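Annotated features in Swiss-Prot:
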TOPO_DOM  1-57  topological domain 'Vesicular'
CARBOHYD  N26  N-linked glycosylation site
TOPO_DOM  85-427  topological domain 'Cytoplasmic'
REGION    96-145  region 'Disordered'
COMPBIAS  109-124  compositional bias 'Basic and acidic residues'
BINDING   L177, D178, D236, D238, D244  Ca(2+) 2 binding site
BINDING   D178, D184, D236, F237, D238  Ca(2+) 1 binding site
BINDING   D238, S241, K242, D244  Ca(2+) 3 binding site
DOMAIN    278-411  domain 'C2 2'
BINDING   D309, D315, D369, D371  Ca(2+) 4 binding site
BINDING   D309, D369, D371, D377  Ca(2+) 5 binding site
Amino acid sequence: MKLTEAYHDALAALPATPPLPTAVANATEAAAGSEEGKQDGFSKVKVKEKFMNELNKIPLPPWALVAIAIVAIILGLTCCFCICKKCLLKKKNKKKGKEKGGKNAMTMKDVKEMGKSGKEQALKDEDEDAETGLTTDGKEEEKEDEKLGKLQFSLDYDFQNNQLIVGIIQAAELPALDVGGTSDPYVKVFVLPDKKKKYETKVHRKTLNPVFNESFIFKIPYSELGGKTLVMAVYDFDRFSKHDVIGEAKVPMNTVDFGHVTEEWRDLQGAEKEEQEKLGDICFSLRYVPTAGKLTVVILEAKNLKKMDVGGLSDPYVKIHLMQNGKRLKKKKTTIKKNTLNPYYNESFSFEVPFEQIQKVQVVVTVLDYDKIGKNDAIGKVFVGYNSTAAELRHWSDMLANPRRPIAQWHTLQPEEEVDATLGMKK
């Protein structure tokens, strides 16, 4: 009995032994995993070794490789930063748009009301302009006229000598045409329709309210005076370019009472462009050394010369005369520049002029067109020195005020006949 019971107990105990195979399976799996891990580790090491070998093959020093790596990292960081910033800005803009849309949202009724109010306001403005008799163009013209300034002058007539006496007293509230916020004004005075005789005041530097106090005489018989018109044009002087006209005042002589001296202010109006034939401009410098009695004239260049040849060009050269009392003392000339209307010379000429004579001489500059066959025709002329006016007088005065220093200036060429008449030259 005891043996049978023990046998049965042994049989009952047999099912409790299955955990042994699972442990063995786990052990085998762990062993396999460890083998795979070892293989992965070996493969990683091999990749690193290959990478380092490839790096060693590159013909660059280690510090260069380090620098490249640093630059790459910095670029990556900056790209990330920019992307983050853009995302944040987009979110902010969306929020702002929503807030504005909520606050400033308009209905169709609001739009219609705004349209009606705008139309009503425009009609009111038009009615106001109609009442005052002004259009928008008129307003602009008035503003332009106001900016031109005004001129004070006097008029008198000498019946015994048949002379019209014009006094240019002063100007006020002139516009600023120079960079420094001022102008260099002077006044041209002439009588229409002939324009034969023109006068110019002295140039006043850096002022918008110049005081001239200069008088000019025109010899006109009283019987012819009624058909004349006096023109007083204010200009802004510029040494290196064309003088800008500021404005002008026109006075028909048949509207003036010459029974007494007339003195009045006139607002300057927009001046008409002078329709004078353009002969060109010339630039030259003047230098005077008083101790040596040496006057140096450098002919620099000319521009926009009149076309004298059939082909639409010229062969210009320049003559320089030193004159006194209508007599030519010395003569110089430049080289000839072929087929051009804008010649460049940069040629220097010297004259001996004692200090006591410098105020009595004149330098006459003539631009001529060279011709092989016929006579060389004069294109234009200008003179500085004694008896010169306006820009020419200013150039001469600046030279005397700055001894030993070359003073360059552009001059507009005048017709030869007019200059010769002023100089009293005999051909």
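Cβ atoms here come from the backbone N, Cα and C positions, even for glycine.
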Rounded distance in angstrom between the Cα atoms of D309 (Ca(2+) 4 binding site) and F237 (Ca(2+) 1 binding site): 33
Secondary structure content, the domain 'C2 2' (278-411) (per DSSP, counts of residues): 15 helix, 66 strand, 53 coil
Those residues of the chain, 6+ apart, with a Cβ under 8 Å from that of D244 (Ca(2+) 2 binding site): L177, Y235, D236, D238
Average model confidence [pLDDT] within the topological domain 'Cytoplasmic' (85-427): 81
10 Å Cα neighbourhood of D184 (Ca(2+) 1 binding site): matching binding-site residues from D178, D369, D371, D377: D178
D377 (Ca(2+) 5 binding site) and D369 (Ca(2+) 4 binding site), distance between Cα atoms, whole Å: 5
Other CB atoms, at most 10 A from the CB of D309 (Ca(2+) 4 binding site): 14
Entries of D178, F237, D371 which, being binding-site residues, have CA atoms within 10 angstroms of D377 (Ca(2+) 5 binding site): D371
